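Sending over a structure as C-alpha cells; questions will come in a sec.
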C-alpha cells in the first residue's frame, strides 16, 4: 500500500495523467481540432493512450482486497470519454480490461461508471456540471461499495483523502483539456480566416501565393487553371455591385464543389480564380477545365430582386513541372486565358507547354 499521505504517489499520478493526455491531445489536433466527431483513428488513438496511462496508474494503488483497490486508473478513461466520446472511452477500457486481470471487481466497477457515461452521452452536451456530478457519483459509489464489504478493516481516512485527491486531479485535467480544446479551435478558426477570401469563402490571394511557393520548393508537378468571368464589368455597371458580388459568390461555390480534396481553388484577384490540381496529365487537366466551364455556363444565379442571371468564364490551362519557375507557368496560363478572351470567350485554351508535355511523353514511350 503506498504512503498516500506523503503526496508523492498522487502527485506523480497527476503529472502522468495531465502530461500524457495533454500531449496526445495536442498531437491529435495538429491538422484539425480534436473532437468526438473527428476521425475514428484519432479517437481510437486517444483511447489507447488513456488505456496505457491507466495501466501505469494501477501500479500506485491502494489495495483493499485481492480484487478491489483504489487508484487513479479510472481518471484518464473518464476524461477521454468526455472529450473523445464513446469510442475513446471504450478503447481505453479495453486496454485496461485485457491487461489487468479481465473479470475483476475493479473492472466491473469501471464498466458500470463508463456505461453510465455512455448512456447519457456526456460528450455531446459536455458541461462542467456533468463532470462534477460524475465525480460525486463515483465517490459515493466507491464508498458504498467498500461499506458493503465484510471481514476487512477499512482505512476510511485514507480512502476519503484518496478520493478528494482523485477528484481534484480530474477537475484539473478536465479544465486543462477544455482550455486546450477552446485554444485549438480558435487557432484553426483564425488560420482559416487568414487563408479565406471573405466574399467567396474560398482561398484568398495570400493562400494562393503560399501554395505556389510550396509547389516550387517541394518541386511537385501540378496543373494550373486560371479562369476569368466574362463581361463581369458589364454586370457591375448594369446590375450593380451587389449582383457582381452574387456572381463571385456563386462561382466560388461551384469551384468548392468541383475541386477534389487534393486540389486547390482560390480567388486570384477581382473576377479571376485559380485552380491548382494534383494531376498534370494534359488530357485530364483539360477535361477538368471544360467541366468547370460547362458548370458555370449552366448555372442560373438568382439575384436579390429575384431576377435570373447566367454568366460564362474563359479559362487558360498550363502546368508546372519540376525545374520550371512556377510564376512562368502561371504566366503561360494567363496568356492562354487572354487568348480564350480573344477567340470569343466562354472557352478553354491550353498553353503550349501542354502540347510539349504530350509530345515529350510520346517520345519517351516510343523509346521504351
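Here the Cβ of each residue, glycine as well, is placed from N, Cα and C on the backbone.
Straight from TrEMBL, here's the annotation block:
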| type | residues | note |
| --- | --- | --- |
| DOMAIN | 220-353 | domain 'GGDEF' |
| TRANSMEM | 12-29 | transmembrane segment |
| TRANSMEM | 41-58 | transmembrane segment |
| TRANSMEM | 70-89 | transmembrane segment |
| TRANSMEM | 95-119 | transmembrane segment |
| TRANSMEM | 131-153 | transmembrane segment |
| TRANSMEM | 159-177 | transmembrane segment |
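I would like each feature placed in context: is it buried or exposed, what are its neighbours, and how far apart are things?
Here the transmembrane segment (12-29) has Cβ contacts under 8 Å with residues 38, 42, 45-46, 49-50, 52-53, 56-57, 60, 71-72, 75-76, 79-80, 83, 165, 169, 172-173, 176-177, 180-181, 184 of the same chain, all six or more residues outside its ends.
Residues of the same chain lying 6 or more positions beyond the ends of the transmembrane segment (41-58) and with a Cβ under 8 Å from any Cβ of it are 13, 16-17, 20-21, 24-25, 28, 34, 69, 71-77, 79-80, 83-85, 87-96, 99-100.
For the transmembrane segment (70-89), same-chain residues at least 6 beyond its ends with a Cβ under 8 Å from one of its own Cβ atoms are 10, 13-14, 17, 20-21, 25, 34-37, 40, 42-44, 46-47, 49-51, 53-55, 57-58, 60-62, 64, 96, 100, 106, 110, 113-114, 117-118, 121-123, 126, 130-131, 134, 138, 142, 159, 162-163, 166, 169-170, 173-174, 177, 181.
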Sort out the residues at least 6 away from either end of the transmembrane segment (95-119), same chain, that have Cβ-Cβ distances under 8 Å to it, and list them.
47-48, 50-52, 54-55, 58, 65, 67-69, 73-74, 77-78, 81-82, 86, 89, 134, 137-138, 141-142, 145
